[in-house]
2 protein chains.
Amino acid sequence: MTNTKPEEQTLSKREFILEEAAKLFVVKGFKATSMKDIAAVIGVEAASLYNHIKNKQEILVVLLGGLADSFSIGIHEIVIKKASSRDKLEEAIRMHIQVSLENRNKTHLILEDWKHLEEPELTRYLMLRKEYQDLFKGLVIDAINSGAIKKGNPELILNHILSSVRSIYNQYLYSNTSKISAQEYEESIIDFIFQGISG
Amino acid sequence: MTNTKPEEQTLSKREFILEEAAKLFVVKGFKATSMKDIAAVIGVEAASLYNHIKNKQEILVVLLGGLADSFSIGIHEIVIKKASSRDKLEEAIRMHIQVSLENRNKTHLILEDWKHLEEPELTRYLMLRKEYQDLFKGLVIDAINSGAIKKGNPELILNHILSSVRSIYNQYLYSNTSKISAQEYEESIIDFIFQGISG
């Protein structure tokens, strides 16, 4: 492990900075966090951060861009699959849960900090998000039309689905049910979305 | 309308400042918002704000305190009712939806800005929130024990319920389905929570 090549060390140092910055944005807020704060958490001088990252905006662009790409690739792969509309919708929900869980520290960016993106990245991000929601809504509409799920307003249904998945970010859940595995949690959300809490 | 008594004018001016401050906290974030920003939005000099409000912290305490009290009173009234555990759970969910909808501009405070409360208000707020969640969880446990809802981890079920209700704060919903009435929206959430999206 100490034999890592120099390029790999640089890469992982950058990744480490991005991860720590993401966590700090959650706690302090993006606006209130300075490069100095990020350096302090990592335990280096602010000046040495600039060898890896240009500024706070670059951190935001890289983090949000990576996340948005994961969601975008995921939904595109599902849309083109040959499967029933019910299975495709379920798969999209599972993909959304998995990407969210894998990026738990970064999801705050999606919910709150995207507002701080500057142009042209802001427009690019909003377009990706709109495309994602439209493709997801398409899966909902297909599932309604095939009778796989109840009739209803597709936007409301999509909103219910995405809100349910957002329970992942609930701090209350972290502190109380952290013994639950990611797999169990995923199954619980899927069951809740499709069947509800009634017996 | 112009015949309001002086005290009433003062009261409504204060209320107006609180409302506008709450909206600004959503857009800019609590930390990044200054009393000067709030004054600018209202169209007065910052100095004149201080006739109504001591500082930003007081705004946060008053807004969050009022919201927390609404939720707290609501859940206490339901807990002591004589009704089936299924009806009480449904009523608690409806109460939560209604309080959230009535305070739509302030709910960001509950989700994000409570972190900026100072002591002793922070501790008081966290105790009220914990009590609320415990009473709500009690209703879930009663509903499980009576067979009114499926067996499962009560904390997970409560988390699913509260996340579903949180769909109210989704900006996507505002922009796309704003023709939906509060009543329709409430019914849609209740159906989603109890029955899910399956047919």
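In case you wondered, yes, glycine gets a Cβ from its N, Cα and C as well.
What TrEMBL lists as DNA-binding region is B:34-53. The domain 'HTH tetR-type' annotation in TrEMBL covers B:11-71.
Look at the DNA-binding region (B:34-53): DSSP puts its residues at 12 helix, 0 strand, 8 coil. For the DNA-binding region (B:34-53), the predicted model reports an average pLDDT of 89.
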